[in-house]
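The next block holds one structure in the form of structure tokens; read it before the comments.
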Amino acid sequence: MHPLDVVKTRFQIQRCATDPNSYKSLVDSFRMIFQTERLFGFYKGILPPILAETPKRAVKFFTFEQYKKLLGYVSLSPALTFTIAGLGSGLTEAIVVNPFEVVKVGLQANRNTFAKQPSTVGYARQIIKKEGWGLQGLNKGLTATLGRHGVFNMVYFGFYYNVKNMIPVNKDPTLEFLRKFGIGLLSGTIASVINIPFDVAKSRIQGPQPVPGEIKYRTCFKTMATVYQEEGILALYKGLLPKIMRLGPGGAVMLLVYEYTYSWLQENW
């Protein structure tokens, strides 16, 4: 799914449609990247997600279960419990993943050929040397990442478990699988639509600034306001199609694998 993530980031950081280097459509973006950067261009910034994905997902589901248990001591409806637990898991996940995101976005924004691009470790060192570990360096865009992951997980888990509990369980294993997959697909899609303004803000803050040496995009909500004022409301939804293509089915698969594995572990351990 990584090529879709590269394309999503490229759409989100491009500001002017009249720029000859801007992508006109999803197909055009794939064509231009292949022509100028070849096949490896679609895999720029692949190492940070590879390193972060397993601990990130472990944190997502582990903390979701823990927050659910903690919320059990409070008299909340199941619907609210799932939603708040999802929000908590997203905020926790964001803290873990943000430094990896900073490196990934910087590498994905680079339009040089793969051979001319700095290595992942080299680029991370470059950020630390110039800007440090803090909110201007390896942890810049943290607020936007908190918003992106918090909102996504809140909708993702809240919608999935609440809707799943409303629709009767099917005795046929195949139909039951399809029921869960369909709800998971909707969960990932709706969560992507709702949280994408935070994603655009994150890409603008963590990606290259319009004028080198001058920081235009600094904070989450101010970045959203700037994008809206200068480029219109639709600019806050740039990269939505590749994001949905990646996180719609991806979110469904992730929830199903988690549910079936969790059930198996409970039965056998």
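Each position is counted from 1, following the chain as shown.
Backbone N, Cα and C define each Cβ position, glycine as well.
Here TrEMBL flags 1-70, 77-166, 175-264 as repeat 'Solcar'.
Remark: secondary structure over the repeat 'Solcar' (175-264) totals 74 helix, 2 strand, 14 coil, with classes taken from DSSP. With DSSP classes pooled into helix, strand and coil, the tally for the repeat 'Solcar' (77-166) is 72 helix, 0 strand, 18 coil.
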